Amino acid sequence: MSQKFDVVVIGAGPGGYVAAIRAAQLGLKTACIEKYIGKEGKVALGGTCLNVGCIPSKALLDSSYKYHEAKEAFKVHGIEAKGVTIDVPAMVARKANIVKNLTGGIATLFKANGVTSFEGHGKLLANKQVEVTGLDGKTQVLEAENVIIASGSRPVEIPPAPLTDDIIVDSTGALEFQAVPKKLGVIGAGVIGLELGSVWARLGAEVTVLEALDKFLPAADEQIAKEALKVLTKQGLNIRLGARVTASEVKKKQVTVTFTDANGEQKETFDKLIVAVGRRPVTTDLLAADSGVTLDERGFIYVDDHCKTSVPGVFAIGDVVRGAMLAHKASEEGVMVAERIAGHKAQMNYDLIPSVIYTHPEIAWVGKTEQTLKAEGVEVNVGTFPFAASGRAMAANDTTGLVKVIADAKTDRVLGVHVIGPSAAELVQQGAIGMEFGTSAEDLGMMVFSHPTLSEALHEAALAVNGHAIHIANRKKR
């Protein structure tokens with residue numbers, strides 16, 4: 001006899017496990033299916049984000065930055081550190097231990113909330129039945145009143161640079177290097193490429209980033225992107241725009257990459273090559289032919305604004321549907337869907353999903369860019385404030401970057417907050433909170449911010465929108 005559940009979730013990544021926990025909290029009998037095998041040879045919860053994405057990459061970013069600080073930044077504080085070295089295997093092991101602790105934490109949360117966990121591959125059949133193929137090959141069918149598909153995404157592979165065991169790798173492989181490559185190539189100047197390139201550049205690698213687009217970080221505000229390109233180039237990343245990779249050849253533990261740019265055909269030889277050209281939804285053997293769920297022209301599961309698929313009672317969330325491939329988007333979609341299944345009228349504001357690139361300085365934004373608003377014909381007022389004028393940033397010797405606030409010229413409503421600088425990921429969230437409640441630049445300017453803090457840069461940028469900044473000269477007084 002098949003087991004029956006109110007909710008069956010396929011996938012235990014940041015969308016799936018959060019959806020399962022919230023559904024269980026709401027009193028729904030919930031099951032969650034996961035097939036990912038971790039480094040220890042066991043099923044590991046948490047999806048790409050926790051196992052081979054967000055968390056492990058941040059661990060390496062933080063470790064590599066501490067090494068950089070010890071070598072380059074301590075001396076300005078009067079601290080002398082001689083003979084600083086890096087133990088790459090130890091750094092990677094620390095990362096793995098963090099992942100292990102967090103995946104175990106999700107299992108504990110499942111148990112605490114009464115979520116039934118199934119190990120294996122989940123496949124949606126007709127009539128909201130879900131087939132689970134266990135690790136031993138045995139199958140069972142679960143009956144569900146509601147199904148949430150959260151199967152995630154995987155790295156895109158490209159024909160000119162097929163992956164090898166250890167020379168040409170994707171983002172997952174780039175987290176496992178046991179030594180610093182002398183010369184590192186990265187295909188793709190997106191979030192993943194820049195973060196991983198930064199890790200190994202700080203540790204001493206000569207890094208070249210090949211980006212096919214002619215524009216750097218096209219989704220970011222142009223002023224912020226321009227500043228980011230300047231800063232990252234100064235840090236040693238050789239970012240080649242308009243560079244389209246056409247071939248690669250592995251020979252004697254190195255790879256020679258052929259690409260074309262404005263100067264014609266070029267060749268570069270690297271010790272390692274990271275392919276970071278984006279991700280694609282995981283739908284392989286996910287949907288039976290008679291499941292009724294449809295895909296769009298790009299292979300994503302089609303959903304409406306509430307993540308409903310073409311089949312009543314079947315939902316899809318996260319990377320397998322349209323929109324930004326971000327863990328926090330997936331998680332909040334999971335909460336929204338669980339609550340709607342339980343009869344609540346939950347909504348999600350897709351216009352206020354923050355984006356972050358965890359380089360140093362961090363790059364983060366929420367809302368619309370200045371160029372987008374101008375293209376839409378919206379008149380705006382803009383305020384900026386450099387961290388070079390921030391007392392707290394000076395005290396930390398971390399003064400690169402700026403905060404930018406964009407407001408509607410007619411209503412003063414804040415339409416975008418963009419940051420490059422220390423703690424940008426945290427600062428932009430303050431802007432997001434205000435924007436969620438319809439804040440104006442004047443509202444932010446009237447708030448009392450603690451002193452001295454990096455947050456004061458947001459305060460001053462908001463004041464600058466209307467020409468009222470205190471700690472910089474205002475370009476325009478209104």
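Quick reminder: no glycine exception, Cβ is built from N, Cα and C everywhere.
Of the residues V245, V250, V303, Swiss-Prot puts just one in the NAD(+) site with G188, A189, G190, V191, I192, E211, A276, V277, G278, R279: V245. In this structure, the C-alpha atom of V43 (FAD binding site) lies 27 angstrom from that of V277 (NAD(+) binding site). The Cβ of G46 (FAD binding site) lies under 8 Å from the Cβ of A12, G13, P14, Y17, I55, V99, L102, T103, I106, each of which sits 6+ residues away along the same chain. Between the recorded positions I37, C54, V245, the minimum number of other C-beta atoms within 10 Å of a residue's C-beta occurs at I37.
The two recorded residues, C49 (FAD binding site) and H451 (active site, proton acceptor), have Cα atoms 35 Å apart.
Note on V43 (FAD binding site): other Cβ atoms within 10 Å of its Cβ, all shown chains, come to 19. With the fewest other Cβ atoms inside 10 Å of its Cβ, the least crowded of the binding-site residues G188, G190 in this structure is G190.
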